[in-house]
Structures are given as structure tokens and as C-alpha cells.
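**Student:** One structure follows; several queries about it will come next.
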Amino acid sequence: MALAGTSKVVLGCVAFGIFWVLAVFPTVPFMPVGRTAGSLLGAMLMVLFRVISPEDAYAAIDLPIIGLLFGTMVVSIFLERADMFKYLGNLLSWKSRGSKDLLFRVCIVSAIASALFTNDTCCVVLTEFILKVARQNNLPPQPFLLALATSSNIGSAATPIGNPQNLVIAVESGISFGQFLLGVFPAMIVGVLTNAAILLCYFWKYLSVEKDQEGGQPAGPEVVADDEVTSHRFTPARMSHVSSLNPDDMDCISEPIIRSNSVRSTSANENLRSRSVNSEADIQLAIKSLRASSMSHEMVEVSTVTDRRDEGASSRKFTRTASQQRSVIIEDSPPSPASNGEKEKEDEVAEKRWRVFVWKTAVYLITLGMLIALLMGLNMSWTAITAALVLLALDFTDAQACLEKVSYSLLIFFCGMFITVDGFNKTGIPNTLWELVEPYSRIDSAKGVALLAVVILILSNVASNVPTVLLLGTRVAASAAAISHDSERKAWLILAWVSTVAGNLTLLGSAANLIVCEQARRAQFFGYNLSFWSHLRFGVPSTIVVTAIGLLIVTSY
């Protein structure tokens, strides 16, 4: 595809440049509209400048990716309600040896989860939870957010279902799941370990800061992004992992929920009758309230007893302790029916505990079924949407509360990005760049592999990795097929590895990066702004080193 007309190239570059600036700097002074509106503005300019037709603009929206994101967001909401994050927190903190060990665990867990659930799903599920863990341990959030985003991208390279571009490569190349796994998995393991080592070296000083025992803040300089959110906000259109009232979370709530023992007893009774309890933490709160109710009756009673003697009447005050009061009640009073009422309440709590257990089991089984379906090669987006709809149906409640937590702004951002990137591709600039370097990027030489990797890195960050794979896939494979059949398969694997790891270079290089950034910024209690430059400072050296090491392993397969 040759370059388009001069006006189309110029206007297309202007529209893409506006989109790129607003995506990188969502609060620029002259137009602080944010990333979502910036992507829609870029898409609208592509249509108004006639770089792309309205029909082609609608066709450019990748509905499978949008459906996959929507489905996984809904599934992650139910996993949140099923306390998966509490169990995951136990895994991350089990016999933990400090902040460095926690960072290493985040890298490993996010990489493996991304290979199985896709990197976008992993980032949607884990971002706010990792923020919470970092804040509760008085640790800087930036290293852990970078560990999540970069390790998720690297881990997703290992399987065809790890990310959308790998799915495209698996379909177009005909490489089986096993061949893909054998070709890239070793590089993924080494890449994750290398990335974790770079993270530890980069943030060693900040992770070594001991906790301030009095103030609860790090004693040394904290790694803080441009604008850190300090207020507690409620944003419906985002994932929130703070729905259950765990005892450890009570310091995160601005007003006390429980004022006194009697109030706790009353609220527990009302909750047991009218509230749908969907988490283990709610049951624990109810049990504690019942115990508090029984203890509230064990008060010290002060009575005035008149001791009449021959000399006259004199009054004395006797103070009965809680145990003495109990003995008086037991000896002098008939059996109280309160014990039967408490037993009924305990039976009701036990019944609710059983219902919650069955509900949690159903959520985990449906999620496992979705994973098995993805491993079998079924359509990714429809598999995720089906799992989401099954969970909504089995919940037997109005789905509005659950659907309000879906990040629709993120879905709209991707729609605008697809149109803008497709319009930029129609200018012919990406294709022209490939035609210039194609004769020098043959994979039968080390220089050719290095040059091909540089081209993929640049295009993946300018035009996104999925369009890069669609644009270069068949061309790279045709060039390698002229050498041998094994070279063609190797070329596809190189494209999969480099285009995926290239997402770590900049904040815009991968959808997973954007998800981590937006989810962290909109977090209800632990909001944090991961800026473009803070990501770039770490992403450039990490991407270059991990890509180079992985290429040595993939090309030797």
C-alpha cells in the first residue's frame, strides 16, 4: 500500500497526533478532556477529514475485543464478590519476607494468570487489589503497578489466548497450542524473572525503607506519581474491590459503621432478614454482632440494699460483678426464651453461610469452565460473555448494581482508538516504513532479526500491537517462508514475542497498561495516578533487555 494523497496524510497525522497527545497527557491545559474524550475526538477528526469513511470507521471497531473486555469485567466483579481477592491476598502474603518478596510474587502471579486469563483480564482483576495491599503495608504503589502491567504483558506472550494479537497469529499461522507454548513459554519464564530483577534493582532503595512505627508512613522518600488521589471517591463506572466489610478494612471507611454494642445487635438482626449476604466477611460481621449482643447483657449492676438491724436502719451499696449477676439470674429467674432466639439466629447464620458457600462454588466453577473453554480454542469474546451472562442469571438479583461497575469509559476509549489507528494506517505511513526495511529484516541473520524487532517495537507503540500484527504478519511470514518452513513458524513466534513485550515500552503500547492506569486512577479508596513518564523511565530499559533475551530463546527453538 503506497502513501495516500498529501492532504490525507497530513490530516491523518494531525488527527492521530491529537489523539496521541490527549491519551498521553489527559489533562493538558488547552484541552483537559481526558483519554476517553480524546480517543473519540481523534476518531471524529479521522471521519471529518475524510481520512476514513463512516462505514469503515464502524468496521474498524474490533467487537471481539470489546466483548472480551466486557465479559471479563463482569466475571471479575463476581470473583470480587466471591472473595477471590482475599484468598489471593493470603497467597501473596503467605510467609512473605517483606516488600521485595511481595514484588516478586506479584510478577509471578500476574504472569501466570495472564497466560491463562489474558493480560487484560488479569489487570482488570488485580489492579485495585494490589493498590490496596501496597497502601496497607505503607509501600509505594508505583513498583507494584509496574510489576503488574509489565509482567502481565510478558506472561500473556506464552499462549495463543494470552492476548488478542496472539490469537490473530495462531489463527493465521495455523500453529497449534502446544507448538506455540513450547516456542514462547521458556522465553516468557526467563523474561518475567529478568523483569522482576530489573524492578528490584530500580526500586531497591524505596522498597528497603522501613515502616514508620508512629505515623505509618515510609521513613524515606516515597515514589509518588504526578497527582495522587487522597480523597475517598465513589465512581460507579469502575471496578471496586472493597465491597466486603473485612475487619482489616475498617480504617478505610470515613465514618464508623458500628457505634455501640446495642446498635451492632440491631443492625445485625436487620441485615440477617433484609440484606443479601454474598461474602464471608458479612457473615463474620453478623456473628460478631450476635456475640456483642449477648455480652451487652453482662453489665455490672449496682443495687442499694437496706440492712436493717436492731440499732437502726442503715443503707449499704453492693456492687455485683458480671459473673455474680449471671449467677443471680440463673438461680432466681426462670429460664429466659432469649437463648432460643439466639439459637434461631445462629441457625439462620449457618443457613446463610451454606448458601454463600454454594454461590461461591458456582462462581468459581463457571470461571473454571470459561478457562477450559478458552484453552479448548473456543471463541474468546463469546466465551467470556456467556460466562458473564450465566453468572448474572444465577445471581437471582437485579443486574443493574453489577453492570454499573463495568468501566464503560474504557470500552469507549478502545472504540475511538480502533477508529483512529485504522485511519492512521490508511495514510500508508506504517506500510511504507515496512517496505523500506523488509529487504534487510530477514530472520536468517542476527542483524535481520534485530532490525525486525526494532520495526515491530516502533509500530506496536505507534499503531498498537494488534494492527501491527495484522499489517506485518503475512508479510513477515512470506519473507521467512522463502527460507524454510521452520523459518516461517519462527517468524510468527518472533512477531508474537516482540509485539507483546513491546507493550511495556510506553503507557500506550498495550491495552493492559491503559487498564492498570485507569483502574488505579479511579480506585475508590486507594487511587493512584501512574503517569506516562514514570512508566516510560522503567519501560524502556526493561523492554529492551527482556526483548533481547527472549529473542535469543525463541530463535533457538
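Keep in mind that glycine also has a Cβ here, set from the backbone N, Cα and C atoms.
Pulled these features from TrEMBL for this protein:
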| type | residues | note |
| --- | --- | --- |
| TRANSMEM | 9-28 | transmembrane segment |
| DOMAIN | 31-502 | domain 'Citrate transporter-like' |
| TRANSMEM | 59-79 | transmembrane segment |
| TRANSMEM | 102-131 | transmembrane segment |
| TRANSMEM | 181-204 | transmembrane segment |
| REGION | 302-346 | region 'Disordered' |
| TRANSMEM | 362-394 | transmembrane segment |
| TRANSMEM | 406-424 | transmembrane segment |
| TRANSMEM | 449-472 | transmembrane segment |
| TRANSMEM | 492-516 | transmembrane segment |
| TRANSMEM | 536-554 | transmembrane segment |
**Student:** Using a cut-off of under 8 Å between C-beta atoms, tell me which stretch among 181-204, 362-394, 406-424 contacts the transmembrane segment (536-554) the most.
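**Tutor:** So the stretch in question is 181-204.
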**Student:** Could you check whether the transmembrane segment (102-131) packs against the transmembrane segment (362-394) - three or more CB pairs closer than 8 Å, residues at least 6 apart in sequence?
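**Tutor:** By the criterion, they touch.
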**Student:** Check the transmembrane segment (9-28) against the transmembrane segment (406-424) for contact, please; criterion is three or more CB pairs under 8 Å, pairs 6 or more apart in sequence.
**Tutor:** yes
**Student:** Can the transmembrane segment (181-204) be said to touch the transmembrane segment (449-472) if we require at least 3 CB pairs below 8 Å and skip pairs under 6 apart in sequence?
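**Tutor:** With fewer than 3 qualifying Cβ pairs, these stretches do not touch.
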